[in-house]
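So that you can see what the record holds, here are the features copied from TrEMBL:
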REGION    1-54  region 'Disordered'
COMPBIAS  1-10  compositional bias 'Polar residues'
COMPBIAS  12-29  compositional bias 'Gly residues'
TRANSMEM  113-140  transmembrane segment
DOMAIN    115-637  domain 'Major facilitator superfamily (MFS) profile'
TRANSMEM  152-169  transmembrane segment
TRANSMEM  181-199  transmembrane segment
TRANSMEM  205-227  transmembrane segment
TRANSMEM  239-262  transmembrane segment
TRANSMEM  282-301  transmembrane segment
TRANSMEM  391-412  transmembrane segment
TRANSMEM  542-564  transmembrane segment
TRANSMEM  571-590  transmembrane segment
TRANSMEM  596-618  transmembrane segment
Amino acid sequence: MADPYQNNVYHQGGGDRYGTYGEGGGHDGYGYQTDYPPQEEDAASDATEGHDEEDQMYEGEYQGIPHPDEVKAAQRAARTKSHTAGTAGSDLAELSEQYEDIMEDCGHGRFQWTLFIVLGLALMADGVECFVVAFVLPSAEKDLCLSNGEKGMLGLMVFLSMMVGAFLWGGLADKLGRRRCLIVALAINCIFAFLSSFAQGYGFFLFFRLLSGIGIGGTVPIVYSYFSEFLQMDKRGEHLSWLCMFWMIGGIYASFTAWGIIPRYGWGFSMGTEFQFHSWRVFVLVAALPAISSLVGLTFMPESPRFLLENAKHDEAWMILKQVHDTNWRAKGKPEKVFTVTHIKAPKTAEDEFIEIQAATGTAVQRWAVRSLTLSKLVLRNVASLLSAELRMATLFMAIIWFCMAFSYYGLSVWFPDMIKHLQNEEYASKVKVFHRERVENFHFNFSLENQIHKEGDYIRDKFINIEMKSVKFEDSLFEDCHFEDIKSTDTVFENCTIRSTVFYNTDLWEEKFIDCKMENTTFEHNKHGCHLDTSEENDVLIYLVSFLGSLAVLPGNIISALFMEKIGRVKIIGGSMLISAGCTFFLFLSFSQSAIIALQCLFCGVSVAAWNGIEVVTVELYPASKRYNTFLKQPC
């Protein structure tokens, strides 16, 4: 049997700037096989027996409704006419028209839905990453002895590293491949997320989360553009909006698992006093599961054929497009439908010349250095092209829009829990109990003290044993011949007190908790050391609930934007969503109750996500394929 690809050859003319795959006629974009081998009159394919399509009457023909195939043919003819009418069409514009026709023939089916799930898991991992640090901080600060400044730096570094990752992977994806860069980025995220769960010090934990953020930062710039290159134009807006739902699922997953794991402080183990593995570390491991799942799925997915065509890899691109075509039509019960593309035109690239020169230069180390330098120059040149004359204004406007959307969304996302916490603290402070000039002698305190202020009290020969002190303050008080043992405290201080002949045994009452106090014959024995042994306020379920509701509220906005993106239009979706979001922000500053803030948060998240989806679709469609990844650098997450 002859090789079916035997006739696939390349033609490179002197003045022709294209590499042509295959032979055959056809219009300027690609060829179709129209001359089939002659068959006998009674011969028929087993797959099509009893299904003579020419004898079937189209159902809408009586009503004057054109057949869908006729609509596609008319659209294709219009694109071809528009291209031939132009006097100087660009190479990439011609490739775009050719590629769109091929994707229409491939159809939309099982292949796209499989890729949808795999890339959705990667986007879900990005959504989880935005919540991980916020959820683990209340518990991690006990294990890592974090100050307020260190906690703020940790939250800052997460978004900063994701921004660096977006810049790095966005540029490399245009030169090394979409799938390849996404796999490496997710692998980096998984490895360093795993290591961060075991880090016992603040420095190592910050370092590992920084590298993990650089890895996950590449998902958003790559995922949307990668998926869009397997979609037809008339389905792009809808299915990219559906893909955005996975970011919401990531938020729900993070909130649900955090609520189910972190408050179970007993979930973990310890090895002496140096190594502690508590429940928040288990949550960090569980949070990496979406990235791991996406990484496994990507190993079965092909590279973007659009990227391969733009890099003159015609054979690989043709095989992948045939795979997409056959997968979709077999799933639809039409295995007899043949992939009729015989040749594809694509611009030649000058980068192959660099690679050939580098391959014969010096030692292996020198060749690696030359390749790295050349790749860096190409990436920077590609990024700088966003400021070219034809793209400068589009880049400026998109940068402003992305910045404003990210600033408002993430700013308010951080503000919502803090504001609720502030209202809770105000309510808690309003219930404080104040005791003036109480005198307690020979009393055994065997019950916890909470939310109390004791002023000018006298405590003589009293025992405080195996109790908790939470938000307790002693002012201008006297402690004489007292005994403190096995004390756990939170927000407890002694201010301007006199402490005489008193013993503190196995407590966490350190020197910084005694402010301007006078110590006379006082001893501290076997004080508890290590922040992880200090108790703090229990994880507030309301914080997890707020994040869960905010993520769940995104669902209606995703559905509406997906269903109406093509009908209403991108600009109207963006404008209307931004207007409603601005109204929500105004009323937020007039609200002083937890229920009102939660309700407005849900409305804000549900409406603003429609604007996000519209901007993401516009960004994909506004730029050439070779520039799409760089344009997503404005999105921090």
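Cβ coordinates are placed from backbone N, Cα and C, and glycine is handled just like the others.
Not measured: the values here are computed from a predicted model.
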Response to the item:
Averaged over the domain 'Major facilitator superfamily (MFS) profile' (115-637), the pLDDT of the predicted model comes to 82
Worksheet, complete the sentence: Contact set of the transmembrane segment (239-262) with the rest of its chain, CB cutoff 8 A exclusive, min separation 6+ beyond the ends, reads 108, 112, 116, 119-121, 123-128, 130-132, 135-136, 139, 223-224, 227-228, 231, 279-280, 282-283, 286-287, 290, 539, 541, 544-545, 547-548, 550-552, 554-555, 558, 561-562, 565, 609, 612-613, 616-617, 620
Discussion item. Quick test of the contact rule: Cβ under 8 Å, at least six residues beyond the ends. What residues does that give for the transmembrane segment (181-199)?
Written reply: 122, 125, 129, 165, 169, 172-173, 205, 207-209, 211-219, 222-223, 226, 277, 281-282, 284-285, 287-288, 291-292, 294-295, 298-299
Worksheet entry | Cβ contacts under 8 Å made by the transmembrane segment (152-169) with residues that lie 6+ beyond its boundaries | 129-130, 132-134, 137, 146, 181-182, 185, 205-206, 209-218, 220-222, 383, 410, 414, 629, 632-633, 635-637
Response to the item:
Within the same chain, the residues 6 or more beyond the ends of the transmembrane segment (571-590) and with Cβ under 8 Å of it are 405, 408, 412, 557, 561, 564-565, 597, 600-601, 603-604, 607-611, 613-615, 618
Worksheet item: Ranking 205-227, 282-301, 391-412, 542-564 by Cβ pairs under 8 Å to the transmembrane segment (113-140), which is first?
Response: 282-301
Worksheet item: Going along the chain, which residues at least six beyond the ends of the transmembrane segment (205-227) come within the CB cut-off of under 8 Å?
Response: 115-116, 119, 122-123, 125-126, 129, 133, 140, 144, 153-154, 157-166, 168-170, 173, 178-179, 181-182, 185-193, 195-196, 199, 239-240, 243, 291, 304, 616, 619-620, 625, 628-630, 632-633, 635, 637
